[in-house]
Ligand SMILES: Nc1ncnc2c1ncn2[C@@H]1O[C@H](COP(=O)(O)OP(=O)(O)O)[C@@H](O)[C@H]1O
Ligand SMILES: [Mg+2]
């Protein structure tokens, strides 16, 4: 797959001298969903805004569909749709006019059927004649999404699209993202919600203090970095860990009714066989066994705190 | 050129105007009528004629210019300041449009609104006084150029302004005095000689003089000079706007 977006050593220093991007290099493949995870102030919005033309980069280069975002900004920006983090909308205008305006602004000819379709998918059709100021926060967020989709972008940026929105919208959002992906749209989203990255992303990038710490296939990331837990449920609780198990990294849980064994999937051997042997040696009877994979959240917290140290 | 974008911006801006059409229409009608009552009836009964023209008619070009200039500035400055203020400017900055297209859309709409008001005032005035226009084409040209150039100035003010007070400041503190002192309601020749000289530094004098010439075929300064003044002013505003977008001054960090 060719890269639809290439970012090369992108730097941004704000006028006060603060360096918000410290040389970001990244290729994004056509049709993938990339989630950018990072704490507040990491530079996610700065990165997106620079690619979209809202902020001037200090150095480095970006191409979209092979078009440089500065020298060939028209071609580059024509491919991009942006759903900004802040809800910025003209309060006195109607939903319909606002969305139609966006399509025209991007030079696309009028297509009412398409806009109707987008508004219906976002449950905005009934509100099309309402003025923006009459809508709830969640509805306004939907309008922002409709505006970005109205000009049929090939690359869609969603800057914290589900921050502070209801569960319903989050689900709708994920459905829309899945649908767009099916039509080949490339999606870059930033999020605080790690479950979101986990649920919909193909790749995950972790950004902190203006630097991209890593970009990985989500699956790889989780298996490579992930710790797993094995929970052994006993048919009869024990008061303390038996002697035979002392050398294993074990915790008692469930009032002595379960043993929890934490191991690293990156390790040469997991030690599970030895553990289970020793459990049998100690005369304990197993009722059930289950494993749990650690979430992206654990990985993320590990990475960011490791970086700060 | 992305003409679709220009048309979209223009239409979006005009929608704001049509939402308040009654207000947009009534306020110039009312203020023009008041001017005629105050200046025309009260002062006109003492002045009678200026340069062989009925005073009531004499003030019409100045009245139109006063409104057209302030309307062009306030519409254009608000038009671009508002997206900055509420944050919707992100969309303009990320759209495949260049500065010329943005300016055409916003300034075009502001100039149209100012033109509409100019025409309403002209129509209202003709109810009060007999008007014959000596050079109709020149009249339209002056009016169009004034709408355009002052809308450009308003656009610059809107980008410069950091808050609503600043947005009001330039029109109130600079433009209105210049227009009042620019011979809107009197002829330069009525001033003492020293003020006749000083007043020539006021750019608005050239516009009003040219516009009045189009109506009555008499002017304070040569018409060619008037045209050059307004042409030069338009070009200067365009140059400033070009620089603003090139450097991103006050719009792009
Ligand atoms: N216009 C600006 N001027 C100066 N500093 C800014 C500006 N915008 C953002 N920053 C700073 O840049 C850093 C990154 O901000 P941002 O990109 O918004 O982070 P994120 O979106 O990841 O929360 C923050 O420390 C923020 O304070
Ligand atoms: Mg942000």
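Each residue, glycine too, has its Cβ placed from N, Cα and C.
Just so you know, TrEMBL annotations never went through curation; they're auto-generated.
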- prompt: Looking at B:94-113, B:114-133, which one does TrEMBL call transmembrane segment?
  reply: B:114-133
Task: Examine the ranges B:167-186, B:187-206 and name the one recorded by TrEMBL as transmembrane segment.
output: B:167-186
Query: Given the transmembrane segment (B:167-186), which of the listed stretches B:21-43, B:55-82, B:114-133 has the most Cβ pairs that are under 8 Å apart from it?
result: B:55-82
- line: Of the listed stretches B:21-43, B:55-82, B:114-133, B:140-161, the one with the highest count of C-beta pairs below 8 angstroms to the transmembrane segment (B:221-245) is B:140-161
- line: Among B:21-43, B:55-82, B:114-133, the stretch with the most Cβ pairs under 8 Å to the transmembrane segment (B:140-161) is B:55-82
- prompt: Who are the chain neighbours of the transmembrane segment (B:114-133) in space, where the CB to CB distance is under 8 Å and they lie at least 6 residues beyond its ends?
  reply: 17, 24-25, 28-29, 32-33, 36, 40, 54, 56-57, 60, 63-64, 67-69, 71-72, 75, 139, 143-144, 146-147, 150-151, 214-215
Field: Contact set, same chain, for the transmembrane segment (B:55-82): CB under 8 Å, 6 or more residues outside the stretch
entry: 13, 16-17, 28, 31-32, 35-36, 39-40, 43-44, 47-49, 88, 106-107, 109-111, 113-115, 117-118, 121-122, 125, 128-131, 143, 146-148, 150-155, 157-159, 161, 167, 170-171, 175-176, 179-180, 182-185, 187, 204, 207-208, 211-212, 214-216
